[in-house]
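J.: So TrEMBL has the following annotated:
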| type | residues | note |
| --- | --- | --- |
| TRANSMEM | 23-47 | transmembrane segment |
| TRANSMEM | 59-86 | transmembrane segment |
| TRANSMEM | 107-128 | transmembrane segment |
| TRANSMEM | 140-162 | transmembrane segment |
| TRANSMEM | 301-323 | transmembrane segment |
| TRANSMEM | 343-366 | transmembrane segment |
| TRANSMEM | 378-397 | transmembrane segment |
| TRANSMEM | 409-430 | transmembrane segment |
| TRANSMEM | 442-461 | transmembrane segment |
| TRANSMEM | 481-503 | transmembrane segment |
Amino acid sequence: MITSVFILPFTAGNYRRRQNGFWYYDCSISFRVLFLGFLAIIVVFSATNTIYDGANVRLGVVLLLLSVLILGGVSVCLILVCLAQLRGLQCIVATRRHTHTTKLQVCFLWIFGLASILFSTLLVGKLIECSGNGTAGLYWNSIICFNCLLVVCFISEIIFITYFSEFKLKHSTLANYSMLLLLASNTCVQLYVSIIGDHPLATFIEINKENATNWCLERNSTMTALIEKSRSILTPTFMEFFLLSSTMILDIWSPSNENSHENETRHSEINGIQDSERTSLLPHTSAIEPDYSGNGSRRMLCQMITIVVSLMTGFGMVIFYVAMAMNVGNIQTLHFLAEFYELILKVLMTIATFLGFFCLVTYCTPDRSPKRFKSRENVYLLSVFGLMMLHICKVIQGDVTSYLDSKILLYTNIISIFQDYLQVVLLLHANQCKKSDPRSRIVLLESVLLFIMINNFVLWINDTFLLSQYPITRVMAQERFSTGLLRLGYTVLLPVSVFYRFTSFLQYYATFRDYTF
């Protein structure tokens, strides 16, 4: 049970074997979905900086998340360099690269990097100068932490790329996730800068108009003059550094080069390993399905009960949305009831997802041949990204308003983000597993897949025919969100959510069929 609740949902991916015989999940599924959620928070929290209520906290959270990413990027740079020093380059490097532009790229990387370090240092100096002029809040403290870490990040990336610029790295799990983390931190910082602008202090002044610190920030001083005069020159180099470093990281990593796959998985392909030996390495799996699944009639009964419960829980929420669309009763009360019912539905779906993980751990065996993501799975993940952005917008709506259903809206969408994450990871991981005994019938897993499948179909009906067609059923309000954000939410993100629900229904049906027969 501990594995199915606390481990597998956050480590799901290809099942690999190290040279010492230890099997592990490489997190290829959970990492992608977690990163999309991470990116959705950064995009939405940054884009809603014009909503001043809670903007200090939201932008502070963005900078703290970016700081964690940057810290991770710095850590992996140091780890790889230390490994190369201790064990030799051969443990990390596959081949030497032959290119005439490497030295020129490194030269410009140093120029852009030093200019970026200078700009961040000037910014930190101004922040320290104004730190004693009143209570600034989370955003202010996060700006200081973020820019200090940014300086360390610039130095670490310059050293790392210079050190490995003439080589291609081996495709080990450590190298793959190190490069992914570096690219993720670069991408997120670029995204943040492009949304907020090149002067985060101006954003602070705008959202804290009556703060005593503003006087210091706007006062003409030597540090202010240096920042203003150098900004037009140094700011472009800031973005150029991240773009160039990302390009060079991709050259060093070469993720498309599949002929040098991780050495640590070679033992998984050795012929002649007996099934009994494999089973002994997985104490949590069982090759024999217990009597839990029951006979055919019991299985059919469980499926019928699951269908009835799913339809009752799903369409109970739809009834309130239909009443709102027909303008029957008090709209605010109906919103409250609909959100409360949806909260119960999402909690039940979350519990069902954990039961699904329990079944995969107990009655199924992961496929030991590594699989790459298919194009349709990548498209599906992009729809998850849009859905999470829509949930986060609704979380902000629930946080900044004081209506009857505000707190319910807040809690519902926080749980929805978590539930959608678990649902996607469960689906993708279930497609990489098979029943330990092909003749067995796992009634609990079948019921879980059926329950999630039907409720996704019901949510698709609700989003397609009610939320999309009747504005009165929507919760994001004009007085809090700008016209552009509302248009983004209901003309872009809502159709993406519709696509996600329908695709989830189809994919869960296909998975249900795979485990039924």
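Positions of Cβ are set from backbone N, Cα and C atoms, glycine also.
Could you tell me the structural context for the features on the list?
T.: Counting only same-chain residues 6+ beyond the ends of the transmembrane segment (23-47), those with a CB under 8 A from a CB of the stretch are 8-17, 58-59, 61-62, 65-66, 69, 173, 177, 180, 184, 187-188, 191-192, 195-196, 281-282, 366, 368, 370, 373, 381, 384-385, 388-389, 392-393, 396, 417, 421, 424-425, 428-429, 432, 485.
Beyond its flanks by at least six residues, the transmembrane segment (59-86) meets 38, 41-42, 45-46, 49, 92-93, 137-139, 141-143, 145-146, 149-150, 152-153, 156-157, 159-160, 163-164, 174-175, 177-178, 181-182, 184-186, 188-189, 192, 196, 203, 207 of its own chain at Cβ-Cβ distances under 8 Å.
Beyond the transmembrane segment (140-162), the same-chain residues lying 6 or more positions past its ends with a Cβ under 8 Å from any Cβ of the stretch are 59-64, 66-67, 70-71, 73-74, 77-78, 80-81, 106, 109-110, 113, 116-117, 120-121, 123-124, 127-128, 131, 182, 185, 189, 200-201, 204, 213, 241, 245, 248-249, 252.
Within its own chain, the transmembrane segment (343-366) has Cβ neighbours under 8 Å at 1, 3-5, 8-9, 15, 25, 282, 284-287, 289, 313-314, 317, 408, 411-412, 415-416, 418-419, 422-423, 426, 429-430, 432-436, 440, 442, 444-445, 448-449, 451-452, 455, counting only residues six or more beyond its boundaries.
Sequence-remote contacts of a segment are chain residues at least 6 beyond its ends whose Cβ falls under 8 Å from one of its Cβ atoms, and for the transmembrane segment (378-397) they are 32-33, 36-37, 39-41, 43-45, 48, 51, 54, 58, 406, 409-410, 412-414, 416-417, 420, 424, 475-477, 480-481, 485, 489, 492-494, 496-497, 499-500, 503, 507.
Within its own chain, the transmembrane segment (481-503) has Cβ neighbours under 8 Å at 47-48, 50-51, 380, 382-384, 386-387, 389-390, 393, 397, 456-457, 459-460, 463-464, 467-468, 471, 474, counting only residues six or more beyond its boundaries.
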J.: What parts of the chain pack near the transmembrane segment (409-430), using Cβ distances under 8 Å and only residues at least 6 beyond its ends?
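T.: Sequence-distant neighbours of the transmembrane segment (409-430): 8-9, 12-13, 29-30, 33-34, 37, 339, 342-343, 346-347, 349-350, 353-354, 356-357, 360, 364, 366, 377, 380-381, 384, 387-388, 391-392, 394-395, 397-399, 449, 452, 456, 475, 504, 507-508, 511, 515.
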J.: So what's near the transmembrane segment (442-461) in sequence-distant terms, Cβ-Cβ under 8 Å and 6+ beyond its ends?
T.: 289, 292-294, 298-299, 302-303, 305-307, 309-311, 313-315, 317-318, 345, 348-349, 352-353, 355-356, 358-360, 363-364, 423, 426, 430, 435, 498, 501-502, 504-505, 508-509, 511-512, 515-516
